[in-house]
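Written out below as structure tokens is the structure these notes cover.
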């Protein structure tokens with residue numbers, strides 16, 4: 001029918017966009033991981049910023065890789081995917097990596113704020129001095145929270161699938177196993193808590209840095225002085241504001257993911273997938289452009305590619 005043909009065409013279009021976004025994001029984050037790993041081998045150590053970027057690139061790479069495979073299988077081979085041993089596992093792993101990259105990127109925003117902002121508050125000064133010691137614990141906490149979210153997802157999906165195995169055939173399971181019921185309440189609670197908390201942390205970091213920049217600029221104007229740290233403030237502020245804009249959009253999309261699970265509107269879910277797969281790649285690309293070492297490595301690679309193309 002025409003309606004079915006239009007639906008198939010729309011699905012194919014979105015599938016192509018999602019796959020392209022996923023592959024681009026995987027290459028971008030693989031680049032971040034490879035550059036930092038090479039620096040790690042050379043220096044035998046990593047600073048706090050590099051530790052966060054390494055874990056962020058790693059978690060985003062695997063989130064995009066596994067989520068893309070999940071999306072492809074659920075589109076083309078749903079009856080082979082929604083089986084008891086496979087479905088709970090392949091459903092929980094993307095949830096775990098999604099939570100990981102969300103929390104690690106939140107740690108990065110907080111790290112930028114503490115490192116660059118200037119406040120006379122004793123607690124803030126303490127954080128600035130101890131930030132390099134605190135970062136590994138923050139990353140460990142992010143990983144533990146992500147692991148808990150993955151375990152809850154696995155348990156909820158397994159119970160829902162087991163319930164459907166007792167009442168439906170394999171053919172019907174592929175559609176009913178993802179139905180929202182009481183098993184998913186804990187998963188949605190912890191996911192919603194993670195989304196709200198990370199968004200509030202990023203917003204708070206952006207506001208603190210903005211206030212620090214405004215106060216620093218006012219002091220410089222009052223004293224008729226120029227300070228090199230002003231450039232660092234402005235560059236960091238641009239990065240944080242771009243993060244805040246993307247996190248605002250991402251927060252809205254993540255909440256829509258929870259709500260749309262109740263609606264079961266495929267077109268809404270497809271549009272949500274398009275943004276969710278674009279966010280890890282675009283955000284990581286911004287990180288590359290605002291990091292001198294990563295930007296220099298990227299420009300050197302691009303120049304080599306241009307030279308080879310010109311030679312041909």
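Glycine is no exception: its Cβ is also placed from the backbone N, Cα and C atoms.
Note that the structure is a prediction, hence the values are computed from the model and not measured.
Annotated features in TrEMBL:
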TRANSMEM  12-41  transmembrane segment
TRANSMEM  53-73  transmembrane segment
TRANSMEM  102-127  transmembrane segment
TRANSMEM  134-152  transmembrane segment
TRANSMEM  187-211  transmembrane segment
TRANSMEM  240-263  transmembrane segment
TRANSMEM  269-289  transmembrane segment
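Note on the transmembrane segment (187-211): residues 95, 99, 102-103, 105-106, 109-110, 112-113, 116-117, 119, 145, 148-149, 152-153, 156, 233, 236-237, 240-241, 243-244, 247-248, 251, 254-255, 258 of its chain, located 6 or more positions outside it, place their CB under 8 angstroms from a CB of the stretch. At the 8 Å Cβ cutoff, the transmembrane segment (12-41) and the transmembrane segment (102-127) share fewer than 3 close pairs (sequence separation 6 or more) and do not count as touching.
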